[in-house]
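A.B. asks: Quick one: this structure, given as structure tokens, is what I'll be asking you about.
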Amino acid sequence: MASLPLATAEVCDANPHLIMNGELRALHPIFQIYGRRQVFAGPIVTLKVYEDNVLIREFLEEKGHGRVLVVDGGGSMRCAILGGNPVQQAQNNGWAGIVVNGCIRDVDEINGCDIGVRALNSHPMKANKKGIGEKHVPVTIAGTRICDGEWLYADTDGILVSRTELTV
């Protein structure tokens, strides 16, 4: 994990060449900010699911080692694929953050956790539990292709994805 959180605006200003060649990308500004950690960064682990949260829970039960879980939930607004219990577990297991292209629930509980969470919105209905999805695959969310092992940087200005770890 980056030793000091990088400000996304400063990263963009300092790296126009990385933006031009596609090594540094900004996600479209579609995410709500949840959790106590508004600034977070780390290597990315990708997951693709649709209205099912079994694989999300499995990932967050593992040690996070400062990583960021990026979940392509297909942009579904019909149920929540992440709730308070797995976010609490992610905090306890050392995940830096979770970005969900879908909905979450238990917002008050998540906002009490020392972890960064981004999601499209909240929804009271729970997800299916079939265990269907794909791990460690490229995902495209918020106009950006994101691959396992890339780096994510998030703050209140937005979310950046870089092919490599960045320094200022």
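Keep in mind that glycine also has a Cβ here, set from the backbone N, Cα and C atoms.
Just so you know, TrEMBL annotations are computer predictions that nobody has curated.
Feature annotation from TrEMBL assigns substrate binding site to GLY83, GLY84, ASN85, PRO86, ARG105. Per TrEMBL, Mg(2+) binding site is recorded for ASP106.
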A.B. asks: Over all pairs within GLY83, GLY84, ASN85, PRO86, ARG105, the annotated substrate binders, what is the largest Cα to Cα distance, rounded to whole Å?
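C.D. replies: So the maximum pairwise Cα distance among the substrate binders is 11 Å.
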A.B. asks: Once the chains shown are all counted, how many other Cβ atoms turn up within 10 Å of the Cβ of GLY83 (substrate binding site)?
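C.D. replies: Around GLY83 (substrate binding site), other Cβ atoms within 10 Å: 19.
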A.B. asks: Residues near the substrate site, GLY83, GLY84, ASN85, PRO86, ARG105 excluded, by Cβ within 8 Å of the Cβ center?
C.D. replies: ALA80, LEU82, VAL87, GLN88, ILE104, ASP106, GLU109, ILE110
A.B. asks: When a 10 Å sphere is centred on the Cβ of ARG105 (substrate binding site), how many other Cβ atoms does it contain?
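C.D. replies: A 10 Å sphere around the Cβ of ARG105 (substrate binding site) contains 19 other Cβ atoms.
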A.B. asks: Identify which of the binding-site residues GLY84, PRO86 has its Cβ surrounded by the largest number of other Cβ atoms within 10 Å, counting every protein chain shown.
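C.D. replies: Counting every other Cβ within 10 Å of each candidate, the maximum falls on PRO86.
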